Amino acid sequence: MPPNPTVDRPSNVSDALARGRLGVPSVIFFVLSAAAPLTVVAGVVTTGYAVTGITGMPLAFLAVGAVLALFSVGYVAMARRVENAGAFYAYVSRGIGRPAGVGAAWVALIAYNALQVGLYGAIGAAAAPVLGTLFGVEPHWSVVALVAWALVAFLGLLRVDVNGLVLAVLLIAEIVVIVVFDLGQLSHPAGGSTSFAALAPANLLVPGAGALLVLAMTGFVGFESSVVFSEESKDPRRTVPLATYLSVAIIAGLYALSSWSMTVAVGPENISAAAGEQSIELIFNLAAAHLGDTAVTIGQALFMTSVLAAMISFHNTTARYAFALGRERVLPAAFGQTSPRTGAPRMASLAQSLLGLLVIVLYAVNGWDPVVQLFYYAGTGGGFGVLLLIATTSVAVIVYFARSDTSESLWKRAIAPALATVALAAVVAVAVANFATLLGVAPDSPLRWIIPGVYPVAALIGLLWGLVLRANRPDVYARIGRGAESAATSLFGPPVEQPVPVESRR
Amino acid sequence: MLVADEFFLIAHNDSRGKAKLHPSATGLGLAAGLLAELILFGQITVSGGLVTVIDRRPPADALAHTVLDQLIGESQHQAVRTWLAFLAQSSTTSVGERLARAGVLRRQENRRLLRTTVSYLPIDLNAAAWPATRLRALVERPEQPLVSDTTLLGLVAAAGLTREVLWSAGPRAHHRLSTLVGSLPAPLKELVVHTEAAVGAAVLRGIP
């Protein structure tokens, strides 16, 4: 039978597969719940003010939001053509070449692991007030972190992604709390008048502004996961791009508002000192003064669940990264195996949990500060890694579209990605220059080079490993960047849309 | 016994009908089993990621007949992955029912609080445990197994159930398994790797 040309013919297959497809709101919910807004507002923003001492944070969120929106134009256009679309290294493999893809994969593993592990440093501080209210005890942060760790490890193995409805309710509650707190802060400005000083562009042109941009980037991590749903969305050409832009806009708006309102309530000149003294407690102390104890208790409880949800979400992201690499045989094949009964990527999940345990024990034994030295360092370090990935992916998008025949408009395939690449390169450059400010250490501190230096080293080792694979294991080499789809690589040789064989370019 | 039937018995615990494999991989494995049956009957073929019907005469088995009718009726859909995803939605029920009709399993409804779940309990425990035992023996024997058995082995491996079958076997058995799967005729081999890719993609998607 020839294919039926009439479009209106009902199709059981299409109908059945369309059921349960995601619309724009579902994708946005998924993205934002991974972004954990209250964790960023209460944790990252306050610690950022304390450590950097710069007040340009609201502008940094808006600037990074604009850059990421620009980046997303090419990113979502390419996502439809990439297997394993949720992983940046897949874009790098397809655009720049497979060895570079392996380098990007190593960077991604480090960055996402750092972001996940860093959250163990925040959970102690986040849970302390809640546990104090409920039980009258304030255990050592490492005890709380170990309990959270056990929960994350257990849920990771069971593949219990926290129920979507629960996440949605928590997310809405978090956003409501943030907005209410913001309104409380705005209605009680320091000195009696609302100060717009933090919004002056000059605040982003000071030395150390690169630090703020990295902090802001950390707040956006998670927006990239929207493209995972290309195949499950109602209309891949519309749903995913729209959800991505809206997510970026919502995140930028919410964080800019919150970080600005904090400066209004405390006074722009006092914000750094106040945040230094009160750390994560700052916004709750402000809320206590403006809104009363009930609002504070709700906010603190939600902060704790927000950190937990972010931990679980990043754990699963990291485990899936390792799983995809195991499927490609870039990591040992054991990482690509699942637990039969639950379908959890067992080995990948265990490895991530093991790392978390080691870090918690290391910090507890050495008595290092969990909030600044674990949560903040690992968080910003991870955020910087994601920034590098995004910048590299932006280059990959340009190269990919330049080498393939495509119906995309010039704006989507060249202009927007080129502008985004320039902007991202600038952000990376100032970030590297200002890394000491970001970490709040002396300019000659070795940490200032060690933390950003991890990534080029990892990328280089990954690149070399990719070249080794090309020479010795061509079967594995062909699989790089294809994630779960790499199983089918043996059938077709190189991917169908690969315009120029990578080999000929080097 | 047909490929999907044996896959069903391997993927479910032999005494209480409990699943050994998570639902999405079970559905995809059974869907692939149903397509494999039609390939083995010589009614369809798989090539370049597409399913093509080559013989439209009705097969003897009722479920295979139904699947073939669906393939013929919706020829605008040809991608293997589309059909795997579509058939996976109903394959656990349809293959379970087929085994119930054949007198191998007994359908049982369990009512819990608000929902009713259906499970299929084995009538003869030995018969239900037989496919896994048989496959294990096949891998350990030097003779070349039947194509249908090799296909089943391939699907079991693709769905992530290798350990259930080869739980006591050494690395040589695992090596032999991959050699055997590599020796499958092209359409069946392609079906197996697409199943593996689909199962992996379901894990990566994350949302259950």
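Cβ coordinates come from backbone N, Cα and C, glycine included.
Nobody curates TrEMBL annotations by hand; they come from automatic prediction.
In TrEMBL this protein carries:
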| type | residues | note |
| --- | --- | --- |
| TRANSMEM | A:27-51 | transmembrane segment |
| TRANSMEM | A:57-79 | transmembrane segment |
| TRANSMEM | A:100-128 | transmembrane segment |
| TRANSMEM | A:140-158 | transmembrane segment |
| TRANSMEM | A:165-184 | transmembrane segment |
| TRANSMEM | A:204-230 | transmembrane segment |
| TRANSMEM | A:242-262 | transmembrane segment |
| TRANSMEM | A:294-314 | transmembrane segment |
| TRANSMEM | A:347-368 | transmembrane segment |
| TRANSMEM | A:374-402 | transmembrane segment |
| TRANSMEM | A:414-437 | transmembrane segment |
| TRANSMEM | A:449-469 | transmembrane segment |
Selection from A:27-51, A:100-128, A:140-158, A:165-184, A:374-402, the stretch that has most Cβ pairs under 8 A to the transmembrane segment (A:294-314): A:27-51
Interface-richest range of A:57-79, A:140-158, A:165-184 toward the transmembrane segment (A:347-368), CB pairs under 8 Å: A:140-158
Residues of the parent chain within Cβ reach of the transmembrane segment (A:140-158), under 8 Å, 6 or more residues beyond its termini: 120-121, 123-125, 127-128, 131, 307-308, 311-312, 315-316, 319, 339, 342, 344, 346, 349-350, 352-353, 356-357, 360-361, 363-364, 370
Within-chain partners of the transmembrane segment (A:242-262) [C-beta distance under 8 Å, separation at least 6 from its ends]: 24, 27-28, 31-32, 35, 37, 40-41, 45-46, 49, 57-59, 61-62, 64-66, 68-69, 72, 75-76, 175, 178-179, 181-183, 185-186, 198-199, 216, 219-220, 223, 226-227, 229, 233, 271, 282-283, 286
Same-chain residue ranges lying at least 6 outside the transmembrane segment (A:204-230) that approach it to Cβ under 8 Å: 22, 27-28, 30-32, 34-36, 40, 44-45, 48, 52-54, 56-57, 59-61, 63-65, 68, 72, 75-76, 79-80, 85-86, 88, 115, 236, 239-240, 243-244, 247-248, 251-252, 255, 313, 317, 379-380, 382-384, 386-387, 390, 427, 429-435, 437-438
Cβ-Cβ under 8 Å with the transmembrane segment (A:100-128): same-chain residues at least 6 beyond its ends: 39, 42-43, 87-90, 92-94, 138-145, 148-149, 218, 221, 279-280, 300, 303-304, 306-308, 310-311, 314-315, 317-318, 321-322, 325, 330, 352, 355-356, 359-360, 363, 370-371, 373-379, 381-386, 388-389, 392-393, 454-455, 458-463, 465-466, 469, 480-481
Folded-back contacts onto the transmembrane segment (A:165-184), same chain, C-beta under 8 angstroms, at least six residues removed: 29-30, 32-33, 36-38, 41, 254, 257-258, 261, 265, 283, 286-287, 290-291, 295, 298-299, 302, 305-306, 309
Residues from the same chain, set at least six apart from the ends of the transmembrane segment (A:27-51), whose C-beta lies under 8 A from its own: 57, 119, 122, 126, 164, 167-168, 170-171, 174-175, 177-178, 211-212, 215, 218-223, 225-226, 229, 233, 239-240, 243-244, 246-247, 250-251, 254-255, 258-259, 262, 271-272, 274-276, 278-280, 282-284, 299, 302-303, 306-307, 309-310, 313-314, 317, 371-372, 375-376, 379, 438-440
